[in-house]
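I have placed the structure first, in the form of structure tokens, so that the comments after it can refer back to it.
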Amino acid sequence: MPLVRGHSSPSRAGSGVPDPRRWHMLSMYIVLAVLNQTLWLSFAATPYAIARRFDIDERFVSSLAVLCNAVYVPGSWLCTWLLRSFGLARVVKVAAGLQLAGSLLRWLADLVLRPISGPGAFLGLCLGQGVAAFGSPLIMNTPAVFADAWFGKREREAVLAVGALSPIFGQGLGSAIAGFVIHGDLAQGTQQLLLGQALASGAVALWVVQFIDAPGAERDEDDDTSRSSQQMLRLLCRPHFVLILVIFNCGMALAASTLTFFGEIAEDCGYQTTEAGAASGLFMIGGVLGSLATGSVLGAFRAYRTVLRATVLLAVSSGLLFLVMLRPENLAGVLVSGSFFGMFMLSALPALLSNAVEETFPTPPEISTTLLFNSAILLQVFFTPLSQIVLDGQQGACASWGSAYSMFNLYIGLFGCLLPALFYCGKNNRLLAELAHDESLTSG
């Protein structure tokens with residue numbers, strides 16, 4: 001079975017005129033990624049009201065995020081098969097179709113089933129959530145493939161940063177929008193939110209029909225599924241890649257749990273849903289700025305290890321500041337510290353992905369990226385309920401500095417992120433190969 005790699009070898013990266021269509025392709029890719037993830041945490045800021053609306057226990061609302069995690073691995077298998085059989089364009093179009101189908105099911109569940117049965121409507125909502133989530137790995141696993149396929153080596157780090165951040169930005173955007181649209185004890189505005197997401201999904205699906213594969217995308221006729229599994233297993237035997245895996249998994253788990261439970265955390269500290277939505281939005285805006293800055297620095301200086309250590313250190317420090325600021329009647333401090341927390345925490349994401357690609361080269365980038373995201377999503381299946389247990393153990397107390405929840409997150413950040421980053425000394429294998437290729441062209 002042929003594999004449409006869609007990534008650049010050193011010879012391809014160093015030749016050819018950039019295709020002007022790459023910016024149109026990037027726009028479609030980013031919008032689809034953001035929109036898909038708005039469904040992931042649509043109700044994170046309003047769990048109590050959503051539970052009342054569907055007459056269910058509040059804990060079932062948090063299970064929507066866990067459901068997205070549970071279907072991620074099967075979705076990754078679909079992504080791998082589509083990428084190998086048809087190429088990146090088919091992957092993107094199928095993701096758009098799944099997004100549209102899932103968003104329509106969610107809207108119809110609330111419109112048609114809720115007047116009959118609240119719990120039944122919530123089951124329909126879960127079904128739609130699962131269908132849309134099935135398409136998430138088709139976007140989240142492919143930013144390195146997309147960046148290598150369409151952009152040159154001086155642009156791809158910034159593009160990778162944008163592509164990798166877009167899904168996470170969508171999660172925060174979905175939570176923020178819901179915090180403003182949904183209001184009242186019975187979550188008034190939910191139907192309008194779901195209809196808006198469905199209409200937006202339809203418009204994007206029509207737009208994404210124009211997405212095409214990059215000219216000259218490479219194929220490897222000898223690659224197959226078993227070989228990819230063997231490549232993943234070999235990566236797990238590389239100590240420095242394992243360090244990246246640990247940092248990535250712990251960082252993603254912390255980001256996901258923060259966004260998932262922020263509505264509940266804000267409520268326990270005396271803040272309203274609109275204030276929780278504003279904090280989530282600022283968290284993601286900061287993340288966008290930080291991620292773009294990291295991508296630009298990586299593209300300009302290609303100091304991969306240094307940038308990785310710096311971003312992780314700043315992420316842990318800003319997380320500590322956020323926990324200190326998280327207390328009642330300190331909205332300004334929460335908003336400002338949350339913005340910096342998002343900026344530095346998500347700025348580490350492109351640094352991690354770039355170092356993973358560099359360390360594992362010449363292994364195709366989709367192999368390392370898929371392994372990183374699959375393991376992170378699987379960890380969240382256990383980490384999110386564990387975080388909920390720790391949060392529930394506080395019995396409604398504010399999760400401020402010194403609480404069980406804050407110390408739990410601090411330990412994960414210190415021992416799961418900062419220490420592995422300090423010990424990481426991986427090689428820049430792709431950069432060395434490109435420099436050797438450029439030197440051979442010059443001497444030739």
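Glycine residues also receive a Cβ, built from the backbone N, Cα and C atoms like all the rest.
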> For which of the residue intervals 122-141, 282-301 does TrEMBL record transmembrane segment?
Replying inline: 282-301
> Under an 8 Å Cβ to Cβ limit, what residues of the same chain, 6 or more beyond the ends of the transmembrane segment (369-391), are close to it?
Replying inline: 59, 62, 65-66, 69-70, 72-73, 76, 79-80, 137, 140-145, 232, 235-236, 244-245, 248-249, 252-253, 256-257, 260-261, 264-265, 352-353, 356-357, 399, 404-405, 408
> Among 62-83, 194-212, 241-262, 332-357, 403-425, which stretch has the highest count of C-beta pairs below 8 Å with the transmembrane segment (282-301)?
Replying inline: 332-357
> Can we call the transmembrane segment (29-50) and the transmembrane segment (332-357) in contact, meaning three or more C-beta pairs below 8 angstroms at a sequence separation of 6+?
Replying inline: no
>> Can you tell me which parts of the same chain pack against the transmembrane segment (308-326), counting only residues 6+ beyond its ends and a CB-CB cutoff under 8 A?
In response: 247, 251, 254, 265, 269, 290, 294, 333-334, 336-338, 340-341, 343-345, 347-348, 351-352, 355, 398-401, 406, 409-410, 413-414, 417-418, 421-422, 424
